[in-house]
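S.K.: Feature table excerpt (TrEMBL):
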type	residues	note
ACT_SITE	SER110	active site, phosphoserine intermediate
BINDING	ASP60, HIS171, THR173, GLU332	Mg(2+) binding site
BINDING	ASP60, ASP337, HIS341, ASP378, HIS379, HIS454	Zn(2+) binding site
Amino acid sequence: MGGGEIIWTTQGAKMHLERIGEEKNPRFWREQAQETLRRALSLQELNTNVAKNVILFLGDGMGVPTVTAARILKGQLSNNNGEETVLEMDRFPFVALSKTYNTNAQVPDSAGTATAYLCGVKANEGTLGVSAAVTRSQCNTTAGNEVTSILKWAKAAGKSVGIVTTTRVNHATPSAAYAHSADRDWYSDNEMPPEAIQQGCKDIAHQLFENIPDIEVIMGGGRKYMFPKNTSDVEYPNEEKFRGTRLDGRNLIEAWRKTKPKDKNAFYVWNRTELMKLDLNKVDYLMGLFEPIDLVYELNRNNETDPSLTEMVEVALKILQKNPLGFFLLVEGGRIDHGHHEGKAKQALHEAVEMDRAIGRADIMTSSEDTLTVVTADHSHVFTFGGYTPRGNPIFGLAPMQSDVDKKPFTSILYGNGPGYRVIDGERENVSTVNFTDANYQAQSAVPMRMETHGGEDVAIFAKGPMAHLLHGVHEQNYIPHVMAYAACIGENTGHCRSGAPTRSPSGLLAATPMFFSLALLRLLF
């Protein structure tokens with residue numbers, strides 16, 4: 001099973017004490033700051049290479065408080081205080097903020113935001129791959145209002161493309177890469193109203209194989225939406241809730257296989273064992289659907305049967321890197337969001353730490369010279385942690401004081417709303433009477449709700465590689481794919497690539513390609 005306990009060892013305690021000793025010396029902080037300054041000064045030489053490859057890591061619901069708490073958790077899992085720990089994304093040299101609102105929502109949902117950071121236009125809540133002219137759930141508003149994504153732009157440029165997610169592959173985030181839907185919940189035709197089907201709209205699973213049929217890598221969950229209604233699941237044959245859902249009687253896995261050229265090797269796998277047995281040198285197309293719906297939480301993952309996000313990313317990169325023209329890869333840590341919605345902070349934060357591991361693996365396997373990597377979130381949550389906790393306080397632990405109103409203890413982690421609201425005998429539940437370190441403990445919330453809600457604040461964007469400096473301030477969320485496309489010379493804005501001359505980048509900054517610098521040098525010499 002996935003590990004998750006924070007255990008202090010003798011060595012860890014010794015390192016902790018050594019760190020405390022160093023921090024008491026002002027020289028420690030001054031030298032640290034000077035080293036950071038030296039690294040910052042080195043960034044004045046901008047990387048204006050063309051991005052052969054682009055990787056977008058999307059932490060669903062990974063707001064800034066989640067990033068900070070995940071950093072502390074990562075450190076504490078290694079027997080450190082946690083606060084001083086460096087996440088893989090923390091190492092990225094350029095950081096910006098993204099304004100996440102939908103065109104009709106101050107606090108957004110994951111579909112409208114996915115349309116923004118993948119397709120480059122803001123959209124209405126609940127809609128996928130369509131403009132704001134489309135009204136949610138109204139199929140007849142879709143035609144003519146479809147918008148394409150950076151995944152499609154990359155495929156049109158001859159690059160390989162992939163989607164890796166811990167949710168179902170037809171969930172909101174991955175769907176915006178290939179689908180055009182008036183409703184994010186139209187996973188299969190079983191979830192669509194009859195009038196939508198009659199008006200010609202297609203379910204999202206169907207569109208995965210029809211709209212961009214030659215996606216090289218697709219991995220995540222969502223098996224049940226690919227099979228005819230009541231088809232038993234291969235892994236859970238006796239579970240009715242995991243049976244196939246399709247009303248059209250189609251087996252989309254077989255349909256996917258049939259679309260592949262005879263001289264190409266296409267593989268479908270449904271468990272980690274099959275995935276790890278593959279000779280990736282002989283894989284041209286890979287479909288991996290490891291659960292009927294979403295993948296299990298990292299803390300609950302069976303290490304024998306279920307691949308981790310890091311493992312899926314490594315497999316995807318090995319396949320995509322075979323294309324000499326490069327690739328685009330979308331990676332979603334999707335269950336960060338689900339953990340928060342359920343009020344299960346421990347699940348959410350372990351999901352975030354696992355996504356950070358995947359970022360580290362991708363960093364090892366690629367180069368910033370030719371690979372633009374962007375890490376961001378679609379939205380935040382009403383998750384917070386505080387309470388004047390001392391240095392090294394267990395991230396899932398109690399605040400050091402009791403409430404000065406009800407005289408009861410409280411955990412550092414709390415939610416603004418959600419299912420953790422508990423009143424016993426007219427008073428707030430005393431958390432000392434429950435196991436608040438359990439993986440499924442639902443942290444207390446101020447307002448009772450069955451599901452905790454998203455937050456509306458800006459989220460972070462971390463970037464490294466070619467043209468990463470164009471992500472530099474506070475941006476509208478739909479700006480992100482325009483930067484990625486500009487860096488990779490794909491999509492519509494490619495004039496700077498054809499001419500080799502300096503142009504104004506989407507941010508208004510003067511940018512130039514290496515080709516331009518070569519031409520300028522020749523003019524100086526001759």
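Note that the numbers count up from 1, one per residue, in the order the chain is shown.
Cβ coordinates are placed from backbone N, Cα and C, and glycine is handled just like the others.
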S.K.: What same-chain residues, at least 6 away in sequence, bring their CB to under 8 Å of the CB of ASP60 (Mg(2+) binding site)?
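M.R.: ASP60 (Mg(2+) binding site) has long-range Cβ partners SER110, THR167, THR173, GLU332, GLY333, GLY334, ARG335, ILE336, ASP337, ALA377, ASP378.
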S.K.: Rounded to a whole number, how many Å is the Cα of HIS379 (Zn(2+) binding site) away from the Cα of HIS171 (Mg(2+) binding site)?
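M.R.: Between the alpha carbons of HIS379 (Zn(2+) binding site) and HIS171 (Mg(2+) binding site) there are 15 Å.
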S.K.: Would you list, in sequence order, the residues of this chain other than ASP60, HIS171, THR173, GLU332 that have their CB within 8 A of the centroid of the site's CB atoms, where the site is the one recorded for Mg(2+)?
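M.R.: So the extra residues in range turn out to be LEU58, SER110, ALA114, THR165, THR166, THR167, ALA172, PRO174, GLY333, GLY334, ASP337, ASP378.
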S.K.: Write down the Cα-Cα distance for HIS454 (Zn(2+) binding site) and HIS171 (Mg(2+) binding site), rounded and given in Å.
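M.R.: Between the alpha carbons of HIS171 (Mg(2+) binding site) and HIS454 (Zn(2+) binding site) there are 17 Å.
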S.K.: Are there residues of the same chain, six or more positions away from HIS341 (Zn(2+) binding site), whose CB falls under 8 angstroms from its CB, and which are they?
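M.R.: Looking at Cβ-Cβ distances below 8 Å from HIS341 (Zn(2+) binding site), excluding near sequence neighbours, one finds GLY61, HIS381, GLY418, MET451, GLU452.
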S.K.: In sequence order, which residues at least six apart in the same chain have a CB under 8 Å from the CB of HIS454 (Zn(2+) binding site)?
M.R.: GLY61, VAL107, PRO108, ASP109, HIS379, SER380, HIS381, VAL382
